[in-house]
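Structure below; questions to follow.
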Amino acid sequence: MTGDIRETKECQLKDPMDLFHSGQVVKICAPMVRYSKLAFRTLVRKYNCDLCYTPMIVAADFVRSAKARDSEFTTNKGDHPLIVQFAAKEAQVLCDAARIVCPFADGIDLNCGCPQRWAISEGYGACLINKPEVVKDMVRHVRSQIDNPKFSVSIKIRIHEDLKRTVDLCQKAEAAGVSWITVHGRSVEERHQPVHYDAIKIIKQSMSIPIVANGDVKTLKDAENVHHLTGADGIMVARGLLANPAMFAGYEETPFQCIQDWVDIALEHGTPFTCFHHHLMYMMERITSKQEKKVFNVLSSTSAVLDYLNDHYGV
């Protein structure tokens, strides 16, 4: 982390709010466990992604352990604007984590949407949507303890069955000084059910800060449709970008140039093989036959993958 971070000190941090004031819909790469790391962020930024999040980092571990900081957070001078997403349940711990990343990132995001059992049992993620006062307190603390007025503090939430509760949560967060709110339009229990875009629209109409819509966006056309349906100021994408990192540039499926770019970037960053290979499996899902997948998905070394790409696609 240190080499990368030292480099970042020379770069100009950005004000993410400038994106929301640009008059364009902000195109955002979601926080994804294992996947939205520096190499992948570098790739999607080449293809019109405006704003990137790190994977979710547990704030308490990050504050306590230098080892966690080194493995969880790497950046460089091209990696901006960048939002670091934290799982936290105590205001001071979140503030301490925010203070550590403040010189190297453009904002932090509090995860209030992760539905995984471990997160909820630890008091993190989606259980926070039922604790609006705690969320408000955390936002207010970070706002008061970070000196840089351009450093954003956002939250990412899921919705309640009773939408009034979600609107109440959002309004409390807004009053505490939150910069924007990302709304995944499903409840904690919902996984693959249709996204409630109508709920995102109601939240957007109830707020005066930017609202980002998240859930089931797979193409640039989808992003435009969701913007029209909800009025959201930004569109956040996870799986759609894994399948096609060039999605925001208007490509319907991953172009070969994007695969070539991923190979170059991943090798340059020393990306571990499993991560390097998994990204390629996602990117090539729509453009390879069943037979090809059988072969490609069981390759077990970087050199085998490179040979395969070269032989079959001239990459």
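Placed from the backbone N, Cα and C atoms, the Cβ positions cover glycine too.
According to TrEMBL, the protein carries these features:
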type: ACT_SITE; residues: CYS114; note: active site, proton donor
type: BINDING; residues: PRO31, MET32, VAL33, GLN85, HIS184, ALA238, ARG239; note: FMN binding site
type: DOMAIN; residues: 29-292; note: domain 'DUS-like FMN-binding'
How far is it from ALA238 (FMN binding site) to the residue listed as 'active site, proton donor', counting Cα to Cα, in Å?
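Approximately 13 Å lies between the Cα of ALA238 (FMN binding site) and that of the residue listed as 'active site, proton donor'.
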Pick out which of the binding-site residues VAL33, GLN85, HIS184 has the most other Cβ atoms within 10 Å of its own Cβ.
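Buried the deepest by this measure is HIS184.
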Mean pLDDT over the domain 'DUS-like FMN-binding' (29-292): what is the value?
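For the domain 'DUS-like FMN-binding' (29-292), the model's average pLDDT rounds to 97.
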Ranking the recorded positions PRO31, MET32, CYS114, ARG239 by other Cβ atoms within 10 Å, which is at the bottom?
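Selected from the recorded positions PRO31, MET32, CYS114, ARG239 on minimum Cβ neighbours within 10 Å: ARG239.
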Measuring Cα to Cα, how many Å separate HIS184 (FMN binding site) from CYS114 (active site, proton donor)?
10
Roughly how many Å separate the Cα of the residue listed as 'active site, proton donor' from that of GLN85 (FMN binding site), to the nearest whole number?
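Between the Cα atoms of the residue listed as 'active site, proton donor' and GLN85 (FMN binding site), the distance comes to 11 Å.
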Between all pairs in PRO31, MET32, VAL33, GLN85, HIS184, ALA238, ARG239 (listed as FMN binders), what's the biggest Cα distance, rounded to the nearest Å?
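So the binding residues stretch over 17 Å, Cα to Cα.
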Which number gives the other C-beta atoms within 10 angstroms of the C-beta of ALA238 (FMN binding site), all protein chains shown included?
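So the number of other Cβ atoms within 10 Å of ALA238 (FMN binding site) is 21.
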